[in-house]
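The active site annotation in TrEMBL covers C269, H326, D349. According to TrEMBL, the Ca(2+) binding site annotation covers N389, D391, E437, E442. What TrEMBL records for 261-352 is domain 'Transglutaminase-like'.
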Amino acid sequence: MAQALDIDHWNLECEFNNTDHRTDLNGIDRLIVRRGQPFSVSLYLRSGSYQPGVSSLDCVAETGPQPSEQYGTRASFGLSASIDTSCWSAAVTSPPGDIVTLSICSAPDAPIGRYTLTLGHSARIEFILLFNPWCPGDAVYMDNEEKLAEYVLAQDGIIFRGAYKYPIPTPWNFGQFESGILDACLRILDMNPKYLKNPGKDCSGRRNPIYVSRVLSAMVNCNDDKGVLLGKWTGDYEGGVSPMLWRGSVEILRNWHTQACQPVRYGQCWVFAAVACSVSRALGIPCRVVTNYLSAHDTNSNLVIERYVKENGEPIQSKEMIWNYHCWVENWMTRPDLKSDFNGWQAYDPTPQEKSEGVYCCGPIPVRAIKEGELTLKYDAPFVFAEVNADVITFMKKKDGSTSKVSSDALVGQKISTKSVGSDAREDITHLYKYPEGSAEEREAFKKADHQNKLLQQQQNQGLHLNIKVTSDMRKGCDFDVFAVVTNNTQSEKKCRLLFGSCALSYNGFMGGNCGFKDLLNVELSPGGERKVPLRLNYSKYGGQITEDNLIRLAALLLDYTTGDTTLAVRNVVLDNPEIKVRILGEPKKNRKLAAEITLQNPLPEMLENCCFSIEGANLTGGGIITERLGPVGPGEDAKVKVYFTPTHSGLRKLVVDFDSNKLCHVKGYRNVIIGK
């Protein structure tokens with residue numbers, strides 16, 4: 001007859017298990033394991049000893065407030081001769097005696113979250129179960145150690161911002177293993193409306209990374225729920241902080257978690273995406289942040305962005321816009337609900353733009369579905385397809401109320417970028433979203449997507465060609481020239497009017513004040529001739545207009561007097577901030593105090609006041625932020641501080657630095673530091 005083991009006390013062997021399950025960076029004070037992979041606990045018996053084939057142990061694993069075997073949130077199992085990694089199982093791996101080593105394995109499709117494991121009548125242990133991208137049976141399995149190191153374990157990274165002709169790498173501290181972050185991530189799942197409405201069903205859904213990603217897409221913004229971030233895209237950030245201020249996700253997630261789930265103010269697209277990436281990685285889903293330059297926001301799903309200009313070339317603001325760039329995230333998983341062609345990277349977007357199934361969320365949609373024009377697949381394919389493929393049509397609105405079409409070479413979905421695996425270089429992944437322009441495959445994808453506008457488009461070789469050229473040296477604080485270049489490709493003389501203007505621009509397409517304007521009523525061009533018209537941009541004029549994005553929109557409008565045709569050229573330029581120099585003093589070693597000297601030169605022709613350096617880094621600054629304030633810094637002078645910190649783990653880490661002042665806002669810099677053991 002089977003004899004139940006009489007357990008007195010136990011040891012969860014957290015250090016061994018967490019290290020084996022690659023969760024030790026969360027700490028070793030509690031048990032955190034990944035699904036489909038065995039872990040061991042030591043059981044100390046009160047009486048008797050373990051006898052193979054005689055001893056028995058009833059095990060029950062439960063998660064959520066309404067555990068049920070029907071929902072897969074409760075599993076009952078006994079001792080087996082050996083571990084079966086395809087389901088919940090337990091086996092003794094030690095010889096007979098009064099100390100028992102029990103190996104336990106969860107099912108590779110078990111719901112993630114907080115678990116209680118009851119062993120017999122007296123032992124009740126708690127642990128956290130995460131997705132396991134190292135387990136071939138898990139839907140998030142990724143068969144590449146370098147990619148896993150980047151997309152799951154890397155606590156810092158690079159997000160690309162700036163402009164498509166000038167991508168700017170911005171450092172970010174994802175910090176998914178910092179103290180308290182995993183708890184905040186699990187609380188996000190517990191605060192989602194689906195859980196509050198039906199906790200049993202929601203906890204069951206947590207077996208599925210598609211479901212979890214969709215929940216995160218809705219919960220990282222607070223538009224319909226007690227989500228993490230409140231978005232704001234205008235310059236007044238009263239009652240919160242500018243999205244530019246954040247250097248990482250840790251402070252955001254901690255603030256939300258400790259302040260009764262009140263939304264953190266404020267986020268914009270790269271902040272929403274970065275926080276979603278931190279949460280995905282914390283839960284064990286491979287994730288990366290993606291930037292789409294010249295990203296279309298199509299509000300009526302017709303795959304066309306209509307934009308309007310006045311007769312003087314001045315743009316008219318509209319709801320449908322082309323964002324200078326837009327960031328979202330990709331999670332790695334299989335799609336058993338679709339054909340196997342659609343396994344792999346799935347795009348999802350936590351920035352609240354349009355509603356999906358009545359909620360502000362977007363995705364996950366297979367990146368491959370966007371490339372192939374498969375717009376009927378779940379979730380939200382048409383919106384993402386438009387972001388990278390929409391057509392742009394420009395109209396001129398005349399004083400009499402009539403409109404006329406303006407020819408314009410407007411680009412959408414350029415230089416889709418993410419951080420490279422194992423380096424800070426930019427990886428261009430446009431080819432994963434789009435076929436080469438003009439290719440037969442591209443036309444096939446447009447046919448599937450019913451993108452008639454692109455299919456009907458003919459390349460016109462216009463008689464007059466207009467484009468905008470800039471110099472490489474456009475630094476904030478300097479005066480510089482930009483150029484409208486007009487070329488006459490016809491056989492006849494041309495007389496034209498050229499309007500060349502500039503205005504401040506925010507990254508999401510909102511236009512601000514005038515930064516410089518020129519109107520030439522009589523531009524004469526001989527056949528084959530070219531005219532280069534400069535426009536001087538002076539800091540005294542643009543300095544008070546530009547936003548923290550440092551963007552200026554250049555627009556040239558050419559009117560051909562002979563034919564009445566108008567041509568528009570638009571180009572966004574981003575001004576360089578000064579470089580932050582970080583010098584590490586001494587040899588970086590784990591648990592040894594380290595110093596860094598941080599310097600920035602004031603490039604402006606005016607005094608900087610209220611100067612402040614903020615510094616943070618995963619496993620470098622103790623999960624917190626070092627703040628150093630300085631006195632006024634004159635033109636050409638250096639702002640300089642020395643900071644001290646103690647690294648807690650060895651390996652490659654990023655020290656992320658932000659400089660802020662009254663006139664020079666949120667300049668970002670970083671230094672990679674290799675911490676020795």
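Each residue, glycine too, has its Cβ placed from N, Cα and C.
Annotated features, which come from TrEMBL, shown on the structure.
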residue : record              : Cβ within 10 Å
C269    : active site         : 28
H326    : active site         : 27
D349    : active site         : 30
N389    : Ca(2+) binding site : 23
D391    : Ca(2+) binding site : 22
E437    : Ca(2+) binding site : 8
E442    : Ca(2+) binding site : 18
Tally of DSSP helical, extended and coil residues in the domain 'Transglutaminase-like' (261-352): 18 helix, 41 strand, 33 coil
Rounded Cα-Cα span from D349 (active site) to C269 (active site), Å: 9
Separation of alpha carbons, D349 (active site) and E437 (Ca(2+) binding site) (Å): 25
Closest of D349, N389, D391, E442 to H326 (active site), Cα positions, recorded positions only: D349
Reported mean pLDDT - the domain 'Transglutaminase-like' (261-352): 94
Pairwise Cα distance for D349 (active site)/N389 (Ca(2+) binding site) [Å, integer]: 17
